[in-house]
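Encoded as structure tokens, the structure appears first; notes follow it.
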4 protein chains.
Amino acid sequence: MNDYDVSITQISECTFPTPLKFAGRDPSAAIRYRQDADRVRVFPCLRLGEDDGQDATFERAGPREFITGDPSQMTAAILTCGGLCPGLNDVIRGLVMSLSHHYGVRKILGIRYGYAGLATGGHPPVELTPETVDDIHRDGGTILGVSRGKQDVPAMARTLLDWGVDQLFVIGGDGTQRGALELSEEFERLGAPIAVIGIPKTIDNDILWVDQSFGFDTAMEIASRVVNDAHVEARSAERCVGVVKVMGRDSGYIAAYAALASLEANLVLVPEVPFSLDDKGGLLDFLEERIQEKDHAVIVVAEGAGQEHFENAEAQKRDASGNRLHRDIGDLLCDKIRQYFNAKQLPVNLKYLDPSYSVRSAPACSTDRIYCTRLAHSAVHAAMAGKTGMMVSRWTGHYVHVPLGMVTQGRRKIDPTGSLWRTVLESTGQPCLSNGKPK
Amino acid sequence: MNDYDVSITQISECTFPTPLKFAGRDPSAAIRYRQDADRVRVFPCLRLGEDDGQDATFERAGPREFITGDPSQMTAAILTCGGLCPGLNDVIRGLVMSLSHHYGVRKILGIRYGYAGLATGGHPPVELTPETVDDIHRDGGTILGVSRGKQDVPAMARTLLDWGVDQLFVIGGDGTQRGALELSEEFERLGAPIAVIGIPKTIDNDILWVDQSFGFDTAMEIASRVVNDAHVEARSAERCVGVVKVMGRDSGYIAAYAALASLEANLVLVPEVPFSLDDKGGLLDFLEERIQEKDHAVIVVAEGAGQEHFENAEAQKRDASGNRLHRDIGDLLCDKIRQYFNAKQLPVNLKYLDPSYSVRSAPACSTDRIYCTRLAHSAVHAAMAGKTGMMVSRWTGHYVHVPLGMVTQGRRKIDPTGSLWRTVLESTGQPCLSNGKPK
Amino acid sequence: MNDYDVSITQISECTFPTPLKFAGRDPSAAIRYRQDADRVRVFPCLRLGEDDGQDATFERAGPREFITGDPSQMTAAILTCGGLCPGLNDVIRGLVMSLSHHYGVRKILGIRYGYAGLATGGHPPVELTPETVDDIHRDGGTILGVSRGKQDVPAMARTLLDWGVDQLFVIGGDGTQRGALELSEEFERLGAPIAVIGIPKTIDNDILWVDQSFGFDTAMEIASRVVNDAHVEARSAERCVGVVKVMGRDSGYIAAYAALASLEANLVLVPEVPFSLDDKGGLLDFLEERIQEKDHAVIVVAEGAGQEHFENAEAQKRDASGNRLHRDIGDLLCDKIRQYFNAKQLPVNLKYLDPSYSVRSAPACSTDRIYCTRLAHSAVHAAMAGKTGMMVSRWTGHYVHVPLGMVTQGRRKIDPTGSLWRTVLESTGQPCLSNGKPK
Amino acid sequence: MNDYDVSITQISECTFPTPLKFAGRDPSAAIRYRQDADRVRVFPCLRLGEDDGQDATFERAGPREFITGDPSQMTAAILTCGGLCPGLNDVIRGLVMSLSHHYGVRKILGIRYGYAGLATGGHPPVELTPETVDDIHRDGGTILGVSRGKQDVPAMARTLLDWGVDQLFVIGGDGTQRGALELSEEFERLGAPIAVIGIPKTIDNDILWVDQSFGFDTAMEIASRVVNDAHVEARSAERCVGVVKVMGRDSGYIAAYAALASLEANLVLVPEVPFSLDDKGGLLDFLEERIQEKDHAVIVVAEGAGQEHFENAEAQKRDASGNRLHRDIGDLLCDKIRQYFNAKQLPVNLKYLDPSYSVRSAPACSTDRIYCTRLAHSAVHAAMAGKTGMMVSRWTGHYVHVPLGMVTQGRRKIDPTGSLWRTVLESTGQPCLSNGKPK
């Protein structure tokens with residue numbers, strides 16, 4: 001537990017007094033500079049009497065009194081990668097505003113379509129200024145565009161060097177952050193003092209060492225409304241089952257939170273908790289009981305749940321980013337439910353809702369908007385302080401620097417015996433659907 | 001720092017095996033019971049090299065394997081006190097659902113109008129069941145009603161004893177929690193094993209030892225939209241100033257977060273940071289500059305800000321709960337601004353917005369809804385485990401038990417040199433308005 | 001044109017002085033009773049110089065001074081049929097409130113699951129009171145449930161006679177209104193003085209002689225937001241096409257209005273206007289041009305559009321209500337687009353959104369809510385005045401009685417040379433996609 | 001009744017074939033040109049047997065086959081006047097898009113701050129293009145700014161002539177339209193063939209000969225939510241009265257519709273219906289009864305209601321536009337209510353909400369957005385056809401040309417014996433508060 005390497009790599013020493021300005025004024029009398037010795041504990045929980053030696057700490061984010069050089073001579077670049085997520089434009093806006101207004105950076109490049117924009121023969125970047133980003137937070141999506149798929153790291157590094165980039169801000173998921181780590185290592189190998197700072201973005205909330213990823217509050221708000229829509233449909237016809245499929249490839253956070261927020265789901269299916277379909281005590285059994293008793297039911301299913309119910313589960317395809325392509329669990333569930341009740345001469349009405357694009361493309365809600373701004377400012381302060389190969393994050397409520405090496409070691413998942421999943425069980429009253437065996 | 005008393009009082013020993021059920025089934029195979037030895041650190045931050053001895057920990061919330069007695073014989077009571085706040089009905093619903101469905105409590109009393117409903121000759125309580133609370137989360141407000149003001153503690157204790165109450169859940173602010181503490185002490189004095197569990201409620205987010213109070217996400221969302229309205233108004237006429245007054249008696253959190261979320265505020269005024277009005281470099285000076293340059297400005301002011309600008313500040317009145325009644329800083333600001341610009345022959349258009357009741361009365365957003373459910377379930381688990389004189393809370397992201405003695409020692413405030421206020425300065429670009437002196 | 005039969009059948013003479021009361025008070029001094037001679041023109045438009053003899057008029061809705069009998073002895077029944085539509089609960093609520101509070105009706109039956117609830121062996125009805133319906137307008141759907149499919153008319157009439165029903169309120173689409181007409185004719189044949197009053201409900205806005213059907217404002221608001229979501233998606237990736245499928249079996253109103261409201265659609269496809277796919281100047285041609293120029297496009301397609309592009313168009317199935325079951329034009333479009341661009345080595349990103357259930361299940365917006373209340377009150381006044389075989393409607397802004405014989409003569413459709421479709425062309429700039437031939 | 005002058009003045013003959021284009025294509029094969037002989041009846045209602053000779057008709061709006069000249073040589077100008085209203089930016093956008101894309105106008109001036117921008121020494125206009133207005137509909141307010149107050153007509157005419165303006169689009173209320181009429185008359189006097197086209201804008205919905213003014217659907221939606229907030233507050237405390245003041249100087253439409261939409265108001269007070277305060281059967285009497293019975297009440301009051309209760313009602317001031325400045329009826333009501341109940345030793349809780357700025361500054365909802373677009377396109381078609389001194393309007397659901405002479409003859413008001421007010425009485429159950437005397 002204790003051997004996490006929480007140290008952050010520096011591109012160079014910090015000897016240049018920060019020109020930090022808010023509204024053209026030196027804020028040093030009004031604020032507190034952070035030092036690298038300011039830390040946040042990695043492990044806030046413990047069991048008394050057990051010496052677990054969990055004393056690892058993350059560096060705290062925030063402005064440093066000395067930075068690596070003169071920002072007015074620096075070039076920054078920003079890219080967004082992967083799927084859409086509420087708040088992308090807020091992060092871009094926050095980065096540009098901080099680079100420009102707080103530090104006086106004069107050249108900020110917006111890379112088009114993620115890593116594809118850095119590949120050989122990619123799209124030329126656009127220049128970003130406070131004026132061009134002033135209103136972009138009102139729209140969902142990203143003004144820079146996204147793409148999926150890996151690109152050649154040395155080629156990307158060369159492009160960035162050609163463009164004279166000093167700081168690269170990479171907004172993306174775990175695959176994207178792995179790319180950021182490789183880029184930072186490539187620059188180290190080349191002896192190029194270029195800061196690579198990650199900002200964690202995942203609609204699935206599945207990045208390690210982040211309290212919660214930005215856009216997630218917005219996502220659950222929208223998804224939970226669709227669960228309510230399904231509930232309205234389910235209650236308005238005889239023997240009616242509403243099925244809502246939400247995103248969640250390996251982690252069922254959206255499904256869990258949308259169900260909790262709507263308070264109307266009767267079953268939540270997530271990748272982390274396998275379930276029986278046809279067995280006694282399985283999903284169809286439970287559903288029949290519920291329909292007999294209440295005449296309607298609502299199921300919330302994460303796209304990655306129940307993959308064990310597909311034949312040839314081994315032979316799965318992967319998308320351009322290397323993510324496993326899931327077969328549609330929503331379709332499978334609908335088929336199985338229809339067959340089961342038809343066989344019992346009790347045909348059900350099935351209402352299948354898939355709000356994924358509306359969840360992804362929404363503009364950020366208030367909490368996400370603020371969170372994006374604070375992540376962005378933290379990222380700029382980190383880059384100015386010469387940090388690289390790291391990601392900004394909020395951890396136990398505090399903004400911190402997390403080494404990318406820690407981030408890319410896995411994916412965050414719901415603990416099936418933890419308090420979130422317990423609250424789902426408490427709230428839905430759903431039984432264990434796996435032959436009584438907890439996972 | 002180290003001498004916080006984090007211990008929680010027990011009303012009696014826990015020897016009764018929990019009858020905890022989810023949907024009529026024993027969940028013990030699927031969940032993890034918490035022990036009192038499971039803890040969450042009170043202080044997640046530190047500075048390396050400084051031995052601050054900050055090793056205090058809170059008890060972690062959650063179901064215990066043994067409880068104090070047979071819930072089917074218990075009577076629970078719930079009350080809400082103080083002003084409205086989004087999520088009150090969600091908490092009530094969560095308490096009733098958990099008491100009834102998880103533990104089998106058969107008698108749950110809803111106290112009318114807060115402590116007034118426990119006073120001699122108060123209103124009779126209503127009985128609450130899963131059916132009566134099933135849909136209440138869709139409405140703002142509280143089905144139980146609220147009131148302000150202190151009541152006689154021994155008289156309230158007697159009422160509760162008369163009614164045979166075993167567990168009292170008190171949803172309210174710091175004044176209300178002080179009352180809960182006194183009640184728990186009165187019961188201890190009387191040798192009556194009655195659990196008093198607080199649930200922190202404050203639209204101002206000013207209760208100590210809570211990450212953030214429930215309803216606050218909702219409040220900032222609504223308040224931030226009104227800041228946007230003010231911005232639209234301010235931009236549509238010549239020399240136009242929008243002033244939005246929000247709640248925040250001693251703590252300016254709503255003002256700060258609403259401004260951050262809207263990204264449209266030019267000045268945020270909070271009780272924690274004094275400001276000059278007429279002095280050089282003061283508010284009016286800054287406003288004139290801004291109007292000259294941009295022709296419009298938006299000010300977000302917390303109701304408790306700038307109280308130093310009223311004459312006879314000493315002679316303030318207090319409301320029924322003992323809170324100081326503030327003079328209307330919004331009116332004062334409008335008057336001062338009008339006079340100043342009239343004197344300069346540059347009359348301004350002033351748009352004054354006060355959305356307070358709409359902020360308070362909204363139904364909870366998704367994040368608050370889930371938070372309320374989890375606080376409520378945690379409160380029931382705590383009461384069943386015989387805890388008393390404590391408040392459930394989320395601290396560094398984890399649900400914990402906080403002794404009421406710690407809660408009532410003050411009010412939570414924005415740290416003027418901390419990272420939240422720094423983000424406000426970064427985001428608005430507002431100068432220090434107090435003669436250059438940081439507070 | 002002149003031979004519309006606009007006359008309304010009476011079940012009996014009106015000799016009983018109305019007991020109309022608002023809040024327990026006789027409103028006769030404050031309101032104006034309507035007479036059958038109060039009329040609204042059927043044809044508000046004309047061309048000068050052409051004597052089209054269009055002087056047909058509808059009876060105006062509203063309370064009459066004399067009604068058919070003593071409401072306190074009457075039994076009313078309400079049913080909802082077909083698919084969900086925003087506002088159903090508002091209409092139910094308005095009917096119950098008016099019957100009970102305005103006229104003193106003591107027995108109001110809520111028929112379960114539409115006409116199925118009147119069939120032999122159907123579900124027993126529920127009793128409706130002001131208390132049971134007080135809050136139902138906050139929820140989408142219908143508390144009574146719906147079903148599809150025809151039932152035996154004499155059997156339904158017998159059920160209603162058995163239950164002693166004097167007034168039947170039928171909320172549904174054109175098929176449902178045909179059933180209402182048949183029921184009213186059956187009662188006439190049986191000499192049973194039972195008033196059958198239709199209230200037009202159709203999410204497609206395709207009922208004749210209604211300005212616009214209730215719920216439609218809500219539907220277009222929600223659908224237009226999803227068009228915006230598609231636009232955000234389409235702009236965030238290279239060569240990206242968003243396709244939004246909305247309801248509209250024979251009439252493309254939702255598609256047209258959602259596109260107009262969003263201002264982001266580039267192509268609107270409706271059943272009333274055929275289009276070429278592969279031909280020169282057809283959809284794929286236009287799309288390629290658009291992608292070349294702008295890199296993204298948004299298509300809004302009504303479910304009933306482009307049915308001519310399916311093979312064996314003749315052999316279509318019909319649903320339980322006799323509606324033709326459409327093959328999925330959204331899937332077909334996506335397939336064709338994908339193939340076309342793949343063949344050109346310019347693969348596109350396709351984002352397919354189908355918000356139908358969320359559109360149907362939403363609670364009514366303000367305008368729809370008021371409209372539902374006014375339709376409901378008008379329906380009650382009509383039934384009390386002994387009208388039958390008619391539908392209440394808003395026509396040129398005024399509430400009127402329309403004979404069901406006029407309603408069931410066809411479906412309302414967009415006029416491809418009229419001003420609505422012209423505005424769609426003006427707003428989207430989409431070309432005629434049918435080889436230059438207007439329809 | 002018959003002597004309405006519905007004729008529209010022409011600035012010159014139409015001999016130039018319209019260059020109308022949608023997306024660069026000639027739409028003549030797909031659309032129907034309108035002729036001046038296409039008409040819409042002014043009076044859609046009648047009483048059979050009464051020959052009221054109501055055969056006046058309005059010209060129908062829409063594109064004409066011939067226009068006055070070559071649009072590519074024309075200069076258009078747009079101005080917004082008075083208070084904010086949802087949809088202003090939508091109208092501006094629609095005008096610019098139609099002028100530019102449909103007709104090829106190359107020069108479009110945006111006048112700053114209404115008529116003030118045309119006064120001698122006013123603000124220089126801005127140039128508007130499809131690019132500058134593309135996204136403005138997402139924001140409330142007006143990008144052009146507004147002002148109040150009259151300006152010298154000959155001076156304004158001179159400015160417009162100096163700028164070479166051929167078409168002036170005037171978006172504003174009845175005072176603004178009076179100015180537009182005077183400008184058109186001034187141009188006629190000067191022999192200058194300049195088209196002046198009005199677009200009716202009034203948050204109060206008080207302009208004559210319009211079905212409903214744009215922005216009103218949005219206004220009622222927002223106001224009705226605040227009525228709900230007041231209801232939540234009122235139900236959460238003992239003896240609580242919520243008072244919501246909304247706009248409505250001479251016409252109480254917002255109050256009436258907001259109350260109808262919320263279904264929670266118990267009293268609606270509008271300028272058109274006087275009420276007693278202290279008399280038996282007056283407001284305070286009714287309120288006491290209501291509080292005794294239900295413990296809470298919600299009052300919606302239009303700002304112009306109850307002006308008879310102020311002393312010296314004669315001596316009222318007027319604002320810069322000549323509108324009478326009302327004393328605050330909300331404050332007066334609160335004072336009276338407080339005094340009355342205090343005197344009875346039954347002090348009430350009073351919650352006073354004034355959402356006016358939030359109602360005005362909202363972006364338009366879907367129905368308003370479409371309406372604005374259609375009004376704007378109709379206005380451009382009218383100007384191109386050489387019409388002047390007229391206003392575009394929707395009347396009985398159809399778009400028409402209304403001579404400004406008809407518009408400026410008064411203000412539209414609620415008919416206290418008509419069906420809207422009857423629905424308010426039906427819905428709230430409020431009694432006649434004026435000693436039983438209908439107005």
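Using the three backbone atoms N, Cα and C, a Cβ is placed for every residue, glycine included.
Automatic, uncurated: that is what TrEMBL annotation is.
Among the features that TrEMBL reports, active site, proton acceptor is placed at B:ASP204. Sequence-distant neighbours of B:ASP204 (active site, proton acceptor) (same chain, 6+ residues apart, CB-CB distance under 8 A): B:GLY173, B:MET247, B:GLY248, B:ARG249, B:ASP250, B:SER251, B:TYR253, B:ILE254.
Residues or ranges marked as ATP binding site in TrEMBL: B:GLY83, B:ARG148, B:GLY149, B:GLY173, B:ASP174, B:GLY175, B:THR176. Packing around B:GLY175 (ATP binding site) is summarised by its Cβ count: 19 other Cβ atoms lie within 10 angstroms of its Cβ, all protein chains included. For the recorded site, B:GLY175 (ATP binding site), the DSSP three-state label reads helix.
Per TrEMBL, Mg(2+) binding site is recorded for B:ASP174. Around B:ASP174 (ATP binding site), the same-chain residues at least 6 positions away in sequence with a Cβ under 8 Å from its Cβ are B:THR202, B:ASP206, B:ILE207, B:LEU208, B:VAL407, B:THR408, B:ARG411.
Taken from TrEMBL, the feature substrate binding site applies to B:THR202, B:ILE203, B:ASP204, B:MET247, B:GLY248, B:ARG249, B:GLU303, B:TYR357, B:SER358, B:VAL359, B:ARG360. Cβ neighbour count for B:GLU303 (substrate binding site): 24 (other Cβ atoms within 10 Å of its Cβ, all protein chains included).
Under the heading domain 'Phosphofructokinase', TrEMBL lists B:76-382.
The feature site 'Important for substrate specificity' is assigned by TrEMBL to B:GLY175.
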Out of B:GLY83, B:ARG148, B:GLY149, B:GLY175, B:THR176, point to the one nearest B:ARG360 (substrate binding site) in space (Cα versus Cα); all of them are binding-site residues in the record.
B:GLY83
Integer Å value for the Cα distance linking B:ARG148 (ATP binding site) with B:GLU303 (substrate binding site) is 19
Could you tell me the mean pLDDT the prediction assigns to the domain 'Phosphofructokinase' (B:76-382)?
94
Considering each pair of residues in B:GLY83, B:ARG148, B:GLY149, B:GLY173, B:ASP174, B:GLY175, B:THR176, all listed as binding ATP, report the largest CA to CA distance in Å, no decimals.
12
When each of the recorded positions B:GLY83, B:GLY149, B:ASP174, B:GLY175, B:THR176, B:ASP204 is checked against chain D, which show a C-beta distance below 8 angstroms?
none
Densest Cβ neighbourhood among B:GLY83, B:GLY149, B:GLY248 (binding-site residues), 10 Å radius:
B:GLY248
Applying a 10 Å Cβ distance cut-off over all chains shown, what neighbour count does B:THR202 (substrate binding site) have?
27
State the count of C-beta atoms found within 10 angstroms of the C-beta of B:THR176 (ATP binding site), not counting that atom itself.
27
Considering the binding-site residues B:ARG148, B:ARG360, which residue's Cβ sits among the greatest number of other Cβ atoms within 10 Å?
B:ARG360
DSSP, reduced to three states, assigns B:ARG148 (ATP binding site) to coil
Expressed to the nearest Å, what is the distance separating B:THR176 (ATP binding site) and B:GLU303 (substrate binding site) at their Cα atoms?
21
